[in-house]
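S.K.: Dumping the structure here so I can ask a few things about it.
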Amino acid sequence: MTEPTITDDIIKAHGFTDDEYAEVNKILGRAPNYTEMGIFSAMWNEHCSYKSSKKWLRTLPTEGPQVICGPGENAGIVDIGDGQCVVFKMESHNHPSYIEPYQGAATGVGGILRDVFTMGARPIAAMNSLSFGEVAHPKTRQLVHGVVEGVGGYGNCFGVPTIGGEVRFHPAYNGNCLVNAFAAGLADTDKIFYSAASGVGMPVVYLGAKTGRDGVGGATMASAEFDDTIEEKRPTVQVGDPFTEKRLLEATLELMASGAVISIQDMGAAGLTCSAVEMGDKGGLGIRLNLDAVPIREDAMTAYEMMLSESQERMLMVLKPELEDTARAIFEKWDLDFAVVGETIPEDRFVIVHNGETKADLPLSKLASTAPEYDRPWVPTDPAHDMDAVPEVDPIDALRALLFSPNYCSRQWVYQQYDHQVMGDTVMSPGLGAGVVRVHGTDKALAFTSDVTPRYVKANPVEGGKQAVAEAYRNLTAVGAKPLATTDNMNFGNPEKPEIMGQFVGAIKGIGEACLALDTPIVSGNVSLYNETDGTGILPTPTIGAVGLLSSMDDLIAGTARDGHVLLLVGDTNGHLGQSALLAEVFNREDGDAPHVDLGAEKRNGDFIRDNRDWIGACTDLSDGGLALAAFEVAHAAGCGITLDVGDTATLFGEDQARYLISTSFDAAEALMVAAGRAGVPLATVGKVGGASLRIGTSEAPLADLSATYTNAFSQTFA
């Protein structure tokens with residue numbers, strides 16, 4: 001088949017700027033052919049190259065005594081002791097999920113699972129952070145149903161528990177939903193597999209499902225804004241098969257145990273192109289591929305299509321040649337394709353042969369480590385300090401408004417569609433703060449959470465970035481876990497706009513400061529830019545996934561409030577209402593500055609919770625909705641009423657940071673008061689547990705009525 005002639009329209013469709021296309025010509029000393037241009041386009045787009053963000057990502061703290069592998073591999077790796085490690089990452093699948101919600105979300109789950117088991121880890125937990133447009137928008141209902149069904153359909157069939165996540169709604173996501181998928185797995189520290197190729201003349205092997213035309217150009221699509229041609233992009237969305245992925249997992253882990261693997265990489269964005277280039281570049285080698293050997297499921301596929309297909313459930317491996325027969329037998333047993341499709345070469349070349357013709361001959365390093373990198377112009381965000389006065393409200397009426405909001409009501413309708421008990425090690429399920437999974441066969445457990453408050457980030461990117469990390473830290477602490485490390489998923493608009501780039505730079509600064517202060521280095525992550533439709537961008541959404549360790553199940557804080565318990569508030573309360581849930585849901589306002597984060601207080605207060613866990617009955621952190629919403633959540637979980645002593649609006653609904661609400665016995669409360677005094681931690685009695693109502697000052701409502709609103713609001717809207 002004759003390749004298309006390169007035209008200006010084709011160059012533009014591949015996402016090249018004039019300068020970038022000129023640079024390609026300069027590198028080659030000639031114009032690229034169609035296949036070569038597709039390869040350069042895939043590797044130089046934002047999704048694969050991080051060309052607009054690399055400069056700033058390098059400033060993040062990525063090291064620590066617990067870190068085995070930081071950013072740059074398929075996933076981050078953190079030591080959890082006893083010769084074991086946790087492997088984890090969060091990644092976006094935003095653009096595909098908006099175009100084709102079910103498959104976009106499903107393949108997002110599949111892709112992040114492969115990132116984990118490619119490293120030699122068996123997946124043990126999944127989470128997702130989902131952002132949708134306003135409820136009344138005509139597309140929101142379809143997106144919610146499709147995405148939730150896609151996440152559940154893939155994860156449930158694969159057999160990994162989905163143990164937590166977030167769901168939010170805001171008009172800024174009307175034209176771009178966000179689907180951020182997280183996965184974690186367990187591995188032995190001496191059995192980790194990396195992607196860098198080594199050895200000249202080693203066979204390059206294709207593993208897994210066959211290649212089709214689905215997803216061709218997906219990475220390029222994910223690096224561009226949406227416009228009125230969005231429906232034309234549907235063929236760029238991948239199609240997933242979770243049962244094939246399950247077989248691929250088992251075959252891959254069995255293959256690794258055989259000793260046949262030199263290096264291995266999953267095929268994700270840009271498919272065969274990106275996996276081969278990354279393996280060669282990291283190993284300082286070239287790669288020659290023979291596409292005639294690639295297993296295909298569609299007739300007459302071109303070299304361009306095979307190189308850029310993003311068909312799912314595929315891996316690429318550099319194999320020990322003497323164990324080829326052993327490796328082939330394993331994959332044939334699992335009814336998966338196994339094909340030697342190339343070899344490593346000493347030259348810095350990426351050579352593609354198809355039907356006996358050389359379809360591409362490119363300098364491999366120019367596609368990866370020496371790809372373009374930009375220092376985009378940026379302007380700092382001017383923090384929004386001005387805020388109109390906030391009227392006093394009836395606290396129960398305001399609380400009821402929050403409980404009915406899709407942003408703060410129960411997500412039961414969502415997580416009931418996810419299997420969160422498969423594998424039998426789930427200790428704390430969705431809806432109870434951080435998810436907790438036992439390390440199988442041990443007395444240890446791992447806690448997982450994902451957090452961000454986009455309103456804060458828009459108002460003040462630095463403080464919003466800090467707060468995302470701090471809230472993740474608090475969620476882990478509230479279940480008794482010691483926070484270990486984080487992964488970031490940076491979702492932003494068009495980086496060519498200085499104000500958007502300024503949001504990104506500010507958020508990175510805040511995240512870096514918080515991770516450094518809280519000893520939670522960033523070990524993996526993902527950047528998703530150009531989340532805009534017709535020039536309108538999303539709220540800046542730097543999602544933080546975090547992992548914590550419970551060295552013993554005795555460390556777990558998993559109790560509930562009981563009749564007669566005292567309520568204690570840890571941390572300073574100053575009544576910060578700027579950018580609060582109260583303003584957004586009750587007054588339809590988003591004004592004022594984001595709450596500022598005292599990282600020293602976060603560390604002290606978190607250490608206090610963990611050091612005194614034996615005195616704590618129930619614990620939750622304070623975030624959206626402040627003390628009032630936290631108190632309701634404690635009451636709802638216990639099925640027992642609560643009386644709060646305070647009654648003014650700012651104290652009840654302010655969102656000051658570094659705070660926890662504790663329920664415990666009177667004697668334990670006295671012991672905690674003494675310990676807090678010694679530690680220099682603010683601690684105050686704010687109420688008591690008992691009865692069947694929620695009482696706040698002079699306002700009161702039956703807990704059963706409030707719980708019904710909270711429990712049913714989401715399903716009433718979306719079921």
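Just so you know, glycine gets a Cβ as well, placed from its N, Cα and C.
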S.K.: For the substrate site that Swiss-Prot describes with SER92, HIS93, ASN94, HIS95, ARG114, GLU310, SER311, GLN312, SER528, which of these is also annotated: GLN238, GLN412, GLN467, GLN579?
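M.R.: Within the candidate list, Swiss-Prot flags GLN238.
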S.K.: Looking at Swiss-Prot, TYR50, ASP488, GLY525 are annotated for ATP. Which of LYS12, LYS89, LYS444, LYS603 sits in that same site?
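M.R.: Of the residues offered, the record points to LYS89.
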S.K.: Note the Cβ centroid of TYR50, LYS89, ASP488, GLY525, the recorded ATP site, then list each other residue of that chain whose Cβ lies within 8 Å of it, in sequence.
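M.R.: Going along the sequence, the neighbours appear as LEU57, PRO71, MET90, GLU91, THR487, ASN489, MET490, ILE522, SER524, ASN526, VAL527.
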S.K.: Which ones, of the binding-site residues TYR50, ASP115, ASP266, ASN526, have a Cα no more than 10 Å from the Cα of SER92 (substrate binding site)?
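M.R.: Checking each Cα against SER92 (substrate binding site), the hits are ASN526.
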S.K.: In the three-state scheme derived from DSSP, which category covers ASN94 (substrate binding site)?
M.R.: helix
S.K.: Filter the recorded positions GLU91, HIS93, ARG114, ASP115, GLU310, ASN526 down to those whose C-alpha lies within 10 angstroms of the C-alpha of TYR50 (ATP binding site); answer none if the list is empty.
M.R.: ASN526
S.K.: May I ask you to report the DSSP-based helix, strand or coil state of HIS47 (active site)?
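M.R.: DSSP call for HIS47 (active site): helix.
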S.K.: Measure the Cβ-based neighbour count of TYR50 (ATP binding site), defined as the other Cβ atoms within 10 Å of its Cβ.
M.R.: 19
S.K.: Rounded to an integer, what is the Cα-Cα distance in Å between GLY525 (ATP binding site) and ASP266 (Mg(2+) 2 binding site)?
M.R.: 16
S.K.: What's the CA-CA gap between ASN526 (Mg(2+) 1 binding site) and LYS89 (ATP binding site) in angstrom, rounded?
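M.R.: Cα to Cα, ASN526 (Mg(2+) 1 binding site) and LYS89 (ATP binding site) are separated by 8 Å.
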S.K.: Going by DSSP, give the three-state secondary structure for ASP115 (Mg(2+) 2 binding site).
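M.R.: In three-state terms, ASP115 (Mg(2+) 2 binding site) counts as helix.
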